[in-house]
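Engineer: The structure follows.
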């Protein structure tokens, strides 16, 4: 992925709080969404921005956006307090090509690895997860996932096995993680055309706000980072999707909202309520250490 210098880039075109921002696959366009019910698309070139589109169509705050892989045609998914998941496609302008309505606010959207096709997941405060598949036309299924609400979803990365295992489909299965208001992270996969729970991570004592999935380099493990209103980040690993070993990475000073892995999966970015972003890396003895802190209130690095 192309690296884009972002120093000094300030986005101030929204009329409400910005809830999410995401670069596309090539790092050339940035999408943002806001409480002002709009999505904005920018061209990013050498740290400069140009507003390309102002997408209107949601009827409430837009919580999250997600670009698809280019093989799906640069689609942009969004979710909103208006209970809707929307998929947008560019053709001179941006058009709504699909939408699905949950029974309550939709809090998160995530595209599956492109090797599985064009598949989108959504998480709703009604406690359900929706899975939306495009195969000549769109179809949707939803299933009950979390009591009192689902806050986040993340797909297992597609990964070829590096060395000996009798689980020939491990790393290639369509597997989803969700986090909810029941303080749990749950692992789901498809069996006989139905979504079933195959694993669970029970390490938090308050709402799970975000989950991020990655695979380690050099072995067959897969890792999930989860963060919670209990002020903790937990890193869990598995080699079969059902049995998970977990370690609490750190106890923060405030509630933790998001976690995000680097592209090669060895550095974890953590965003907390205090506007502080920290970067963490596992050392040779399995302990997670802080390698950088970025404080939004200072605009610099500690």
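Each Cβ is built from the backbone N, Cα and C atoms, and glycine gets one as well.
In case it's useful when we look at the structure, here is the feature table from TrEMBL:
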REPEAT    11-52  repeat 'WD'
REPEAT    55-89  repeat 'WD'
Engineer: Would you kindly list the residues that approach the repeat 'WD' (55-89) from elsewhere in its chain, counting only those six or more residues past its ends and only Cβ-Cβ distances under 8 Å?
Structural biologist: 16-17, 19-26, 31-41, 95-111, 113-114, 118, 120, 122, 124, 130, 132, 134, 138
Engineer: Counting each residue once, how many in the repeat 'WD' (11-52) are helix, strand and coil under DSSP?
Structural biologist: 0 helix, 25 strand, 17 coil
Engineer: When the pLDDT values for the repeat 'WD' (55-89) are averaged, what is the result?
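Structural biologist: That stretch averages a pLDDT of 96.
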Engineer: Kindly report the helix/strand/coil residue split of the repeat 'WD' (55-89) according to DSSP, in that order.
Structural biologist: 3 helix, 19 strand, 13 coil
